[in-house]
Amino acid sequence: MSATALFTRRSVSTSNPELRPIPGPKPLPLLGNLFDFDFDNLTKSLGELGKIHGPIYSITFGASTEIMVTSREIAQELCDETRFCKLPGGALDVMKAVVGDGLFTAETSNPKWAIAHRIITPLFGAMRIRGMFDDMKDICEQMCLRWARFGPDEPLNVCDNMTKLTLDTIALCTIDYRFNSFYRENGAAHPFAEAVVDVMTESFDQSNLPDFVNNYVRFRAMAKFKRQAAELRRQTEELIAARRQNPVDRDDLLNAMLSAKDPKTGEGLSPESIVDNLLTFLIAGHETTSSLLSFCFYYLLENPHVLRRVQQEVDTVVGSDTITVDHLSSMPYLEAVLRETLRLRDPGPGFYVKPLKDEVVAGKYAVNKDQPLFIVFDSVHRDQSTYGADADEFRPERMLKDGFDKLPPCAWKPFGNGVRACVGRPFAMQQAILAVAMVLHKFDLVKDESYTLKYHVTMTVRPVGFTMKVRLRQGQRATDLAMGLHRGHSQEASAAASPSRASLKRLSSDVNGDDTDHKSQIAVLYASNSGSCEALAYRLAAEATERGFGIRAVDVVNNAIDRIPVGSPVILITASYNGEPADDAQEFVPWLKSLESGRLNGVKFAVFGNGHRDWANTLFAVPRLIDSELARCGAERVSLMGVSDTCDSSDPFSDFERWIDEKLFPELETPHGPGGVKNGDRAVPRQELQVSLGQPPRITMRKGYVRAIVTEARSLSSPGVPEKRHLELLLPKDFNYKAGDHVYILPRNSPRDVVRALSYFGLGEDTLITIRNTARKLSLGLPLDTPITATDLLGAYVELGRTASLKNLWTLVDAAGHGSRAALLSLTEPERFRAEVQDRHVSILDLLERFPDIDLSLSCFLPMLAQIRPRAYSFSSAPDWKPGHATLTYTVVDFATPATQGINGSSKSKAVGDGTAVVQRQGLASSYLSSLGPGTSLYVSLHRASPYFCLQKSTSLPVIMVGAGTGLAPFRAFLQERRMAAEGAKQRFGPALLFFGCRGPRLDSLYSVELEAYETIGLVQVRRAYSRDPSAQDAQGCKYVTDRLGKCRDEVARLWMDGAQVLVCGGKKMANDVLEVLGPMLLEIDQKRGETTAKTVVEWRARLDKSRYVEEVYV
């Protein structure tokens, strides 16, 4: 900070009565004020002394005196270049032994500085810096790939990584030299970087100690400093010599210094000046930016709301693209974050100026010519007269354009002043914006909760011991990131597909249809709330056409009332929901049951049922009912009913394909039309669609979906638990929902998977693909005869992450080369297929990447995939709470599966604690939702809830709500509805009791502030359970909601006897466990009160009013 040997105390005239002596702490003999501040927290100490002695004060070191300035107003005076000029004092003066008379260390009056300044400054103009973007991005990608390959559990030393990044960047951009810091063994720093840190630290230490201490006590440190200074200059001279011997045609800094002439004098830089300035840029150009980036990541982690906003801005601007130089200017909030970081933690402690003549400062303090005055950034940048009472707080909003432009002079001076301002400012800001944007675009940051900020002040200010962890976003793996950074260009492709949904017929009221040979046609009917049965229906239609059948219709089951086709086989695909028909079959089932025997003579049918084993009592109930009722009414069964258990360990597509291959089609008469496949043969997709390039369309393939705009997206949980998120939507005008209703969303594949697919088929993001129907095939919801970008096609229409079916595997076997065929064949063995493909959720894309000699075109790939189906979520808001808006509360599904040997290599897997290699998988819909930020849009459709899952009309009756995790969503909506109804209401509201379970009060206790407010006004009483912190006061020792229900048995019983309604929302296991606790208790109460004669809980539930005990269960 000070140059003790350079400056000596001079007498200051105080004969003018208006002048005052500059205050300051009293110095000690010889040592001066050495003990008045903490060298480990120097800038803060200087600020504290300013609070004691005023905005300008003097401190003494041995025989030299320096003046400190801590106010913006006085700093503005010192920045008047007609009165003061920069003084390269303190550590900069010591650094002259290393960098000589470089731009930062030379006096302004030095002719060497003037020539170098005129030659070098134009090299850092805006357009020149833009031209350096690709080199900057190259190094940043190296860092990101290194982080990704270390995995999410590796603590990253932020300062070390930022130093590697900035050193390698400045070297590549200015002299086309690669230090390759990220490739060094064991992550060690490059010796050049180590030497830079050492000489800067030593320069600072020397500048703050008396000469006798440096020369006689610290002689070893002084000797090391001289050796390292000589070594740095030697290495720089070697770089220059190498360029002279091997000239390159590059318009970079080194070539300019070697050949450019000063426009004023016509002189070039001397060999010594070239070394001085090149070394100056290599040192100053990386240390300061490294400090900026390190503190930036610290502040982002300390302020999660800021981190979220920056990440959302990056996502909005960049989207699924790779970052380009044009993106950088569209991130004003990120730029504001960097400005605010520089305000609070400038990389430099400040800078020196000296008066050009004897001066009076602040109207009353005399300073002599050449007297060092030091502007303390840490104080000037926190001046409350400029920044207000919150000047010490990190608030980037103050640095957005309007606020930044209105700052008074000298309120923000991190890059210095006037003619001596840092010429590398555009370079540093472009590099910093790129680095932060790329990191946040690719990673989520994980804070080290144990870290407390410590920083070290030398010539720069750096955080000490600061680490963080990073987690690839969107479920990406390191290989995916690498492919995304270097994906290929566009190419022609071909794809097999079929007519769009719009071209498919609906059922006609004429059951006999036209004169077409009905035996060569089939009709497919489906009923599904989640979309699974609909996807299977279109899969069957495509498979049938592959075998030569025509498709008479693909329609919902309800549309078959009074119009079931006669003559054409009718295939019905449906599911049960708590024993009830899906929405699309609710009218059909009563109609079918009402028919007389023989009414459906001449109808041929087959039924396929979806179900989930957790609903054991009603598993396949509706499909079996339809199957038996059709037979009762005289219809002829052409195949035994097929079923698929859709629990986690089973795949409905594999079950379905097995059924149609082994049961259905062998019983049907196959016409073997053009391109048809004989029964018993596997249908192998062929390249029968022509694909050409064209303009990208915007096509909506479904009815009933409308566009909603995201207005808020935030995390509700802390790291260490599955993430819970909140999403607020702006809805279209006519979208009228009720509390408890559901919304269907149309998700998209993760950018990671889209990039993988694009890379595999060699497609660019904007490659235009047109799928044409050349063989009258049916599609899986693919757009036909319309140009569409490859990104849209692979992102929005087919599920890339869907587990491969056995039929898919056989297709790959047929397309595989000799090297892969045996390995793929082994996976078709039933046990291996289940254990290594199904249970581990291995996708077709996984298999294609693992076995590169599979010759599969896009035309074969697309028909193998299931269409993307909608997913359902409960609204977590009441419609009148914020009119025109709705909120969703959801868990981001992110889980690990064991890596399959031979499929997931080391680059795609990671090792957990016991050494087991695992692959991270993400839920399609929840990952898609988590990628959305404010301003983005999605397509939604309203789905009404069960008429019983709502609050009773009588507000005086009690209600008991039981939920875990995001099962709280509908209850939040009910409570908002109850809160608004209570405003001004005269009627009495019955008690409301909410049992809510989560992992812990500081982990994922959702909407805790809102619920506490409701409790305060008596709207509800919340009984909590924490699985990870049952000892918390409000959990009362309960880990799960079932524990809390047992503990509150008397309270629950009292409300039940008063007519309470019980609403349960959560996973199937939780709902079952709750019934195991409440069922016997409530049954016993009703038995004693004579309200039931049931003997068992099952019997009691069956007889109970459906509105008294209602479950909303999700899988």
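Cβ coordinates come from backbone N, Cα and C, glycine included.
Among the features that Swiss-Prot reports, region 'Disordered' is placed at 1-24 (among others).
The compositional bias 'Polar residues' annotation in Swiss-Prot covers 1-16.
The feature region 'Cytochrome P450' is assigned by Swiss-Prot to 16-494.
Through the fold, the coiled coil (219-246) approaches residues 97-98, 175, 177, 192, 195-196, 198-199, 202-203, 205-206, 254-255, 258, 271, 274-275, 278-279, 282 of its own chain, all at least 6 residues removed from its boundaries and within a Cβ separation under 8 Å. Here Swiss-Prot flags 219-246 as coiled coil, drawing on sequence analysis.
Annotation comment: Swiss-Prot describes THR288 as site 'Important for catalytic activity', evidence class similarity to another entry. Annotation for THR288 (site 'Important for catalytic activity'): spatial neighbours PRO347, GLY348, CYS422, ALA428, THR460, criterion Cβ-Cβ under 8 Å with sequence separation of six or more. In the three-state DSSP scheme, THR288 (site 'Important for catalytic activity') falls into the helix class.
Marked as heme binding site by Swiss-Prot on the basis of similarity to another entry: CYS422. For CYS422 (heme binding site), the number of other Cβ atoms no farther than 10 Å from its own Cβ, over all displayed protein chains, is 19.
Taken from Swiss-Prot, the feature region 'Disordered' applies to 488-515 (among others).
Annotated compositional bias 'Low complexity' per Swiss-Prot: 493-506, in sequence order.
Among the features that Swiss-Prot reports, region 'NADPH-P-450 reductase' is placed at 495-1115, with the record citing similarity to another entry.
Residue counts for the domain 'Flavodoxin-like' (522-664) under DSSP, split into helix (H, G, I), strand (E, B) and coil, are 57 helix, 37 strand, 49 coil. Marked as domain 'Flavodoxin-like' by Swiss-Prot: 522-664.
In sequence order, SER576, ASN578, GLY579, GLY611 make up the list of same-chain residues 6 or more apart from THR618 (FMN binding site) whose Cβ falls under 8 Å from its Cβ. Swiss-Prot lists THR618 with the feature FMN binding site.
Annotation source Swiss-Prot lists domain 'FAD-binding FR-type' at 703-952.
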- Message: Please report the three-state DSSP label of CYS422 (heme binding site).
- Response: coil
